[in-house]
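Q: Relevant sequence annotations retrieved from TrEMBL are reproduced here:
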type	residues	note
COMPBIAS	274-285	compositional bias 'Basic and acidic residues'
DOMAIN	10-199	domain 'MHYT'
REGION	248-285	region 'Disordered'
TRANSMEM	12-34	transmembrane segment
TRANSMEM	46-65	transmembrane segment
TRANSMEM	85-104	transmembrane segment
TRANSMEM	111-133	transmembrane segment
TRANSMEM	145-163	transmembrane segment
TRANSMEM	175-196	transmembrane segment
TRANSMEM	216-237	transmembrane segment
Amino acid sequence: MEGTVDGFRYGAVTPVAAYLMACLGGALGLRCIVRSLLNARSWKPGWLALGAASIGCGIWTMHFIAMTGFHVEETRVRYDAATTVLSLVVAVAVVGIGVFIVGYRGPGRVSLAVAGVVTGLGVAAMHYLGMAAMRLHGDIGYDPVGVVLSVLIAIAAATAALWSAVTIRGLLTSLGASLVMGVAVSGMHYTGMAAVSVHVHDTTGGTWEGESPLSLLLPMLLGPIVFLLLAGVVIMFDPLLVHGERSGNRNPAPHPGRTVGVPSANAVPAPRTSWHDTDSSARRR
């Protein structure tokens with residue numbers, strides 16, 4: 001028989017919390033990517049990796065916070081721990097591929113398109129891999145139209161996020177882009193969830209493998225959330241990200257048209273003292 005699926009068991013709490021985590025991860029990731037582009041002398045791979053991890057953890061945390069509100073009335077829902085962890089690894093790794101492509105190739109059309117498609121497919125893979133981690137007394141089905149639409153939304157969201165990362169420099173504009181990114185990622189998640197149907201097995205007994213959502217997901221969510229908070233502290237105390245100034249340009253710029261170490265053509269030369277004048281002044285003494 002068909003199961004009664006409810007994605008909002010706790011009302012608006014889980015969607016709002018999931019959206020905020022997606023925004024937090026997106027904001028931290030965008031600022032880290034901006035940091036890698038502001039100063040050529042900074043450790044670019046490190047900042048790009050931190051940005052990819054922030055975005056990946058934010059998306060993964062958003063997904064599983066939203067999944068704590070997923071409920072099937074006729075059966076209990078459990079999660080396989082190994083598959084759940086694998087979905088986190090996939091999210092961070094694939095987002096990292098896209099971030100490094102645009103970080104080193106720039107916002108060209110080809111590089112941005114490739115990075116957006118790869119990252120979007122990775123986000124969708126994370127979502128459906130997380131869904132595959134569910135264990136329940138039934139079979140999960142998907143509406144193909146909803147699945148395709150969710151993948152397209154993921155690609156569009158990833159492309160927009162990567163474009164924002166390499167073109168937007170201001171703090172407020174980055175925060176605005178992260179809010180839009182949170183809407184897109186959350187929309188992708190709930191579009192995919194709208195395509196879900198559950199066919200419950202017609203039995204009254206049975207056992208379920210895996211862990212309950214609260215006993216597994218809440219402890220696992222703690223790690224990415226702590227990571228995002230620590231990444232936020234790192235970004236908050238970086239003056240280059242807070243003020244948007246290039247640390248390499250602290251010395252005053254030379255006068256336009258003047259080469260460093262070469263005197264200006266308009267400079268007045270100092271008067272030269274001949275040996276004659278020196279000898280005369282010595283005799284007066």
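Glycine residues also receive a Cβ, built from the backbone N, Cα and C atoms like all the rest.
Because the structure is a prediction, the values reported are computed rather than measured.
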Q: By a Cβ-Cβ criterion of under 8 Å, what residues six or more beyond either terminus of the transmembrane segment (175-196) are in contact with it?
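A: Tertiary neighbours of the transmembrane segment (175-196) are 5, 7, 15, 18-20, 22-24, 26-27, 30, 59, 62-63, 66, 70, 123-124, 127-128, 131, 140-147, 149-150, 153-154, 156-157, 160-161, 164, 168.
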Q: Averaging the per-residue pLDDT over the domain 'MHYT' (10-199), what integer do you get?
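A: Mean pLDDT for the domain 'MHYT' (10-199): 87.
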